[in-house]
Structures are given as C-alpha cells and as structure tokens.
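Database features (Swiss-Prot):
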DOMAIN    11-203  domain 'Lon N-terminal'
BINDING   Gly355, Pro356, Pro357, Gly358, Val359, Gly360, Lys361, Thr362  ATP binding site
DOMAIN    591-772  domain 'Lon proteolytic'
ACT_SITE  Ser678  active site
ACT_SITE  Lys721  active site
Amino acid sequence: MNLERSERIEIPVLPLRDVVVYPHMVIPLFVGREKSISCLETAMETNKQVLLVAQKQADTDEPTVDDLFEVGTVATILQLLKLPDGTVKVLVEGQQRAKINHFKESDFFLAEAEFIVTPELDEREQEVIVRSAINQFEGFIKLNKKIPPEVLTSLNGIDEAARLADTIAAHMPLKLVDKQQVLEIIDVTERLEFLMGQMESEIDLLQVEKRIRGRVKKQMEKSQREYYLNEQMKAIQKELGEMEDAPDEFETLQKKIDESKMPQEAREKTEQELQKLKMMSPMSAEATVVRSYIDWMVSVPWTKRSKVKKNLAKAEEILNEDHYGLERVKERILEYLAVQNRINKLKGPILCLVGPPGVGKTSLGRSIASATGRKYVRMALGGVRDEAEIRGHRRTYIGSLPGKLIQKMSKVGVKNPLFLLDEIDKMSSDMRGDPASALLEVLDPEQNNSFNDHYLEVDYDLSDVMFVATSNSMNIPGPLLDRMEVIRLSGYTEDEKLNIAKRHLVEKQVQRNGLKPNEIVIEDSAIIGIIRYYTREAGVRGLEREISKICRKAVKNILLDKDIKSVTVTMDNLKEYLGVQRFDYGKADESNRIGQVTGLAWTEVGGDLLTIETQSMPGKGKLTQTGSLGDVMQESIQAAMTVVRSRADKLGINSDFYEKKDIHVHVPEGATPKDGPSAGTAMCTALVSALTGNPVKAEVAMTGEITLRGEVLPIGGLKEKLLAAHRGGIKTVLIPKDNERDLEEIPENVIADLQVIPVQWIDEVLKVALERDPTGVEFEAKK
C-alpha cells in the first residue's frame, strides 16, 4: 500500500483493550472477538494493513463506533497464527498515525481514515529536546528498576524526535487516556514536553517510595542488630554466671502449666504450644501470639473452687438484710442451698430475673453470691451484637482474645462463681453472628461442661458456675428462654417502697451526702408523698434520687443557717425540698356518673386507674372511639357493643339503638397510647350505663376481657392493678373468676382494705357496678 501522507484510505479497524500502539512499535496481540477476527482475515487477503484503535472502556465486550477513539495507528500484520481455542495471535508493527473520518457499513469495523502529517523540527531544536528527554528518561530508569538498561541504549541510537517520543511513551507506566493523548498530540515538541512532565511526576513518586524502602530496611537492620546484641548479652551473662539463679522463661511457663492442674486435653495443647515457642525467635510476632495463648491457658481456673456456704439460716439472714420483699427469689435460692446440703455435686441453677428497671435484679445477684459464699462476676450484655464477645476470636486474627466469658472466669480466679448475665434481653445480632445463639451452649446444664471458646480451642467446664440472668422483658429468643428458670419480679408496692427507703435508701443517702443521723429526719408521710407525687416507677431508683435531693438541700440549709441543727421533712414541707408535685395518681371519682367507669391498667411502672367515658346521642348508629386506642382495645369496644346488642331486651334498651343512636367512647389522657383486652368489661358497663341512664358506682373498679357471649376472661398484672385501686381509694374491685388464684400473691394489707369480687359473666358485673339493678338481668351463660 502506498503510504502517501495526503492520501485517504479505506482500512479495517481493529479495536484494542487497554493498549495503545505507536508507530515503529512491534507488539503481539491476542484476538478473540468474531468481528475482530473477520477484520484481520480481510486485511490478510488485501494488503495486510489494519488501523489499531483503542477502546474508551476496556470492559465493553461489543464496542460501537462511539466506544472508540478517533485517532489510531496504521499497522502492518507481520504474522498471524490461529490457535486451537479459536482465538488468533497476531504480530503487528505500527507504521503511522491516522484519524478516522467516518465508518462504513460492514460485518466488522471498516473506516475511511486519513494519515496524520507530523511537522518536521529544526535540526538544532530537535537535538536539544532529544537530549533533554533522554537524560530525564535515564533518571527515571535508574529509580524504576523495572525497565531493562538495554532500552536506554536503544534510545541513544534514535535521532528522530517523533520516534523517540513514541518509544518513551511505550515504556512509560501511563494511564490509557494519557497514552492516547500522546498518540493524538501532533506537534513533536509538545508531545515530548508532555512526556517529560509525566516522567517528572513518576520520578517524584519513585523518590518517595525509595525513601520509605530505606526507612523500612533501616528499621529491619536495627531489629536484627538488637536481637544479635541481646543474644550476645545472654551469652556473656551465662559465662559470668549471672543468669544461673534467674528462672528460665520456659521453665516458668512449664511450672505454671503443672500448677494449673488443667485437664489432659488442655495440657497437651498447651505443652504443644510451649514446644513451638521454644523453636521460635523471641522477637518474632508469632512468638508473642503463642506466649499470650499460654498465659491465658494457665490463668483460667481449671480446678480451683470457692467454698460454698451451706448454712441456710445465715443465707436467709443475708438475703433479708439486703433486700426487702422478693420472697419467691429468696425461696428459690434457699431451695438450691438445701439440696446442695444433701448432694455434694449439684449443677448450678440458671435463673432469669425478669422485671422492670430499678426493682433490684442486679443487686440481688450480688446478694445471692454473698449468701451462697460464691465469688461474684458480672457481664453486661446490653448492646452486645458480636458472637466473638461470647466465644472469642480464632487465633488466626491479629489481636485475638478469648471471649468475655473466659476473660471474666480468668479474672475471678475460681470455676464456681456466681456469674451475672446482665440485660440479656438487650443483645442483638448482625453480620458478625448472633450472641444469643452462642449463649445456648453456655446456659444449657447438659452441654456447658464442654464449652468451647474459639481462642482456647479446648473444652472448658462451666457446669459449676451459678448463672443468673437479668432482663426487663420476656423479649428473649425462645430456645434461650427455655434453658432458664424464669422468676418474675413485679414492681414494688407502696408499702415495700416505704420499707426499702426506711431500711436502706435514707441511711445510704445520709452517709453519702455527709449528714449525721441526728441532723435529718424524713417522716413516713414524706416518703409516701415522694412515692405518690414525685416518682412514677416500678423500682426505687427515682425514689433514691429524690431522697438524695432532700439530703443535699438539708446540708445546704444547715451550713448556711447556723441556727438550724437538724431538719425534719414532712408531707407538709416536702414541696420546699422537691418543688411542685410532678405526678398525680388516679383517684376514685367522688360521685356516681352515667357512662363513666373506672378500669384498671397495667404499665411498665406499675398499675393505674383508667377512666372510660361513654356518651350516647340521637344519630344514625355511628360509633366513635378516641383516646389513642390500640387495635386490641378497639376490638374490645366492638365486642362489648355486640354483647350489649345481644342483651338489649333484658337490659331495657331499645333493640334498634345501634341504628338510631350515635355512641362515643373516649379514654382520657389522649396523648398516651393504650392497648390490651383487659378493659372489655369496663367498656361494656360504660355502654350499658350510657344507654340506660343508670349511673356507675364511683367506688367500683373492674378489669377483665369480655367474649361475645358475655364471659369474663382472665387478665395479667392483677397485683399491680389491685395496688393501683388500693392507692386510688377504690372500695370494690371486680376481677375475672379465673384470676382468683392470683390473690395469694397480693399483700394482706391490700386485700384487707378492698372488697374483691370474682365474676364470670358480664351480668354479675352489671349487677354490682350499676347504681340500680339492670332490668331483667339473669345470671346464666349465654349459649
């Protein structure tokens, strides 16, 4: 083919990935795409000329015209070889730059292209710029170390500036866009200046890299020198006899292994690691890992136990001193100790104390440890979301450690402590695993004698540990909950809070705030006032904070006024210390009202009175429900409405009231969400009262779920609800008959002040709650 510079040619185009071919450059290419193979075959049949053009994106499998650069290199095919896998290996030599004017229709890329004319340089100018480029490239080669020196020799034989620029570009580690830019720059001076700028940047980077390598090498030499000197020092000390009395590190570790009395499996594993340590360089990173592993193995208590107390009377005394109430928990601990007296080897119980915040779950764990004579260790599980927190990290990880369980056992030093798993319901899981699943083995008495920590890699016996878990709710995974003996701690009664404050909290805060016992007196009435009007909680944390506030103000008053020798806090002057009352517990209404019923509610901080209001008015049968009611409570209203409709005739209500009356049911404190089925009887009573004009007795409160047949079903939280009724001045409480068995857990002073009436049918409720007997009430099941 005649390569006249002004000539336009029609030529096959071969797209290339990540490669830019320059003139005078010989390069092998591997071609696999069908269109590209067709392109080469056509070129071989004609004049063996092909235009090599780079793709803009290398990952494009089927490039279009827009995916190719406009400027490429016309090359001659020197050799073409078809490979067995269907691909083609071709050897090409770049000839001259060319620019694509437009593409023509074909099975492959066929374009009309035009040769690019490179302007010639002045001989003097060419000599100067060639010399500068070669000198800079020589400096680049010395730092790069990857380009063979022969390349520099070949460059010295090139006088033509354009060819020199292309040769340098072919050996430079440039990005594809930069290589393409070199191809597209027509002016040779500009092309070489661009390359020299690229070389300058690369030289700067290589110099920084060289400095870093030098520092690393120097540091390594320093470490090797220190190791050599340490070994020399040991040899000198040995010759002088200075180390004869000093114990050998390996002998010390072996002695610790012997003294730990670990099981055979653990001993073999530890001694195997000790032998590995002896063969390692003391300064190596692996030696540190092995030494750390051995230290953990000998620090874990394998056989050492604390002596468990078996004196039941003393244990009961300790539990009663530390905590007021909580009889069921104390009873369970004493049962365990009683059995321990008869059986020497008894697996520790796994208890789960479930109750609201502040009722003494965590402090009770410490008291149980004191009563049983066990050492106490606590592990907070709130926010734990990584399985490795329980099972540990495998030793392949850098900085790996045993799980918190083994760490705590190592710290406590005995294998039979009381282990408190605090806030077990606050665990969660993520991509790193589920810690709750890891605890399944720990809390299973049949499996925890062979607990396997990922770090230790041997079984560890946890069967002697007495596990006590605490939780605010029953929101614990089922399999985990099934392994524990759940003991529920309900909120303290007002009487229990009063006794706790008198026995523990007041004395504690008096000492903590620097008061003497004779300088402050807090009367019982003041404590009850704090409980009722300044705190709303199931526990006593808020109560303790308020008592602390009183003590602080008492200290301030005594120091500011020398005439004040002591302070007495009563209900009358409580406001001076704590400010205005923050809460107002529900109280019984003073008069009987139509359509208004007092229900009983359970909350996380105890029980409360729940007022339910109902109004009926002429309308079209619309039922309105307000007061932030949940789905279950709204369904209770629907069920109550059905019960009233089914008994309308017997109750003296027009049977078509649901078509001619609009009814509005409202539960005050609308900003507070309310839900649950236990207000069913109260809803039904309020509807009957509003529709018949029969007032509801103000001294009566009720709780119970209602069915469509009018049966009253059992509810939960009876203790808290009766305490709220007692505190609110209620005289009579109607409860489901099936809840009668729960009355045994109610304090005697509460039962004595309340008339508790178990009921099974809504008819019984209406007869007691309404001021006048409903018309035609019959005590019979509605079949």
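Even glycines carry a Cβ here, placed using N, Cα and C.
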Next item on the list: List the residues of the same chain that sit at least 6 positions away from Pro357 (ATP binding site) in sequence and have their Cβ under 8 Å from its Cβ, in sequence order, or write 'none'.
Entry: Asn472, Glu537, Ala538, Gly539, Arg541
Next item on the list: Determine, to the nearest whole angstrom, how far the Cα atom of Gly355 (ATP binding site) is from the Cα atom of Ser678 (active site).
Entry: 21
Next item on the list: To the nearest whole angstrom, state the Cα distance for the pair Ser678 (active site) and Lys721 (active site).
Entry: 11
Next item on the list: Compute the mean position of the Cβ atoms of Gly355, Pro356, Pro357, Gly358, Val359, Gly360, Lys361, Thr362, which form the recorded ATP site, and then list in sequence order the other residues of that chain whose Cβ is within 8 Å of it.
Entry: Leu353, Thr470, Asn472, Leu489, Ala538, Gly539
Check: Considering the binding-site residues Pro356, Lys361, which residue's Cβ sits among the greatest number of other Cβ atoms within 10 Å?
Finding: Lys361
Next item on the list: Run through the Cβ atoms and count how many others sit within 10 Å of the one on Val359 (ATP binding site).
Entry: 26
Checklist line | Residue, out of the recorded positions Thr362, Ser678, whose Cβ gathers the largest set of other Cβ atoms within 10 Å | finding: Ser678
Next item on the list: Under 8 Å Cβ to Cβ from Gly358 (ATP binding site), same chain, six or more residues apart: give me those in sequence order, or none if nothing qualifies.
Entry: Glu537, Ala538, Gly539, Val540, Arg541, Gly542
Note to self: What does the structure give for the C-alpha distance between Lys721 (active site) and Lys361 (ATP binding site)? Integer Å is fine.
What the structure shows: 22
Checklist line | Close in space, distant in sequence - Gly360 (ATP binding site), Cβ under 8 Å, 6 or more apart | finding: His323, Leu326, Leu489, Gly539, Val540
Notebook entry, point to check: Could you give the mean pLDDT over the domain 'Lon proteolytic' (591-772), rounded to a whole number?
Noted result: 90
Notebook entry, point to check: Which has the fewest other CB atoms in a 10 Å radius around its CB: Gly355, Lys721, the listed recorded positions?
Noted result: Gly355
Checklist line | DSSP state at Lys721 (active site), helix/strand/coil | finding: helix
Checklist line | DSSP three-state assignment for Gly355 (ATP binding site) | finding: coil
Next item on the list: Give the helix, strand or coil assignment DSSP yields for Gly360 (ATP binding site).
Entry: coil
